[in-house]
Ligand code: FAD
């Protein structure tokens, strides 16, 4: 991990900075990365994206909740988003984080909450993907995922794998035997070198390896990156290996590489925009700044814009 990224992640955890940015950040520029603070505004953005040929996955922001009440509110929020998607007839599925649903409070409580969410996904003919968080939570996340995969089937639940982790080759192989729908990402958390590749070139190489392996196993793969070199490689790989465009999709974050998203959609690829919404946007926002400190400049500039 670069020094700058590490520094931004450390500074953003400072309580004073957290309070300051949470209060003013949405006006200062967080709205570039967050579709709205409420469902109504967000659905308008989803419709705009759909009209441009882009699919969506909605993410109700929030993570690491500390009380059962908060976790239940987040669970109801995710359930309500399936209803809203159905009522509005928009093309979107849903992504969730298990720490938001009570993973750190009690894994069984979290499983119950997640169970209700997948049940709703199934009832509305939709799909929910569990985002992957930092490495100490992976085994618990995998356990909950496996239980619900067995109960509801892979058409309604999927998972994320991070290419910066050494363990991911084995995980992809194992999940491939169950034909699991995986999103492959590079990984967004501050991880020690004991568990994750410290060098970007190794993370990128692992990324290609994991995507190639999952696609070769005939499994649905969401290629979630803004890395143009990897996207070009993926386009060539699928062509050379006669992989149907039905077996994969590109995914990118709301507000990032927007013209690339549109170009790929125009070329006929499926492109899904990870679209966060809600009031609790600060940790998500900090990770986006850490990935690209130039984003902080964008925020500063908006301070001086009329
Ligand atoms: P990088 O090599 O980091 O970036 C490639 C290029 O993309 C950069 O040169 C830059 O031009 C552009 N870029 C990248 N980030 C930004 C940014 N913030 N602002 C502006 N430009 C940028 N991580 C997890 O750990 N768990 C998850 O569940 C998870 N889900 C994700 C879902 C989606 C749809 C996406 C796209 C990412 C997700 N991530 C997740 C984040 C991911 O792990 C990376 O941190 C993030 O995608 C940046 O890496 P990159 O693949 O774009 O490549």
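Each Cβ is built from the backbone N, Cα and C atoms, and glycine gets one as well.
On its own chain, residue 288 (substrate binding site) has 33, 253, 256, 295 as residues at least 6 apart in sequence with a Cβ closer than 8 Å to its own Cβ. DSSP gives residue 288 (substrate binding site) a helix state. According to TrEMBL, the substrate binding site annotation covers 97, 287, 288.
TrEMBL lists 132, 162, 186, 187, 188, 200, 225, 226 with the feature FAD binding site. Taken residue by residue with DSSP, residue 186 (FAD binding site) is part of neither helix nor strand, so it is coil. For residue 186 (FAD binding site), the Cβ neighbour count at a 10 Å cut-off comes to 19, with all displayed protein chains included.
Marked as domain 'Proline dehydrogenase' by TrEMBL: 45-298. Within the model, the domain 'Proline dehydrogenase' (45-298) carries an average pLDDT of 95.
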Other residues near the substrate site, CB within 8 A of the CB centroid of 97, 287, 288? 63, 188, 276, 283, 284, 285, 286
Intrachain C-beta neighbours of residue 162 (FAD binding site), sequence separation six or more, cut-off 8 angstroms: 132, 168, 185, 186, 187, 188, 196
Three-state secondary structure, residue 225 (FAD binding site) (per DSSP): coil
I'd like to confirm something. Which of the binding-site residues, 200, 225, 226, has a Cα closest to the Cα of residue 97 (substrate binding site)? 225
Record-annotated FAD contacts 132, 162, 186, 187, 188, 200, 225, 226; largest Cα to Cα distance in whole Å is 19
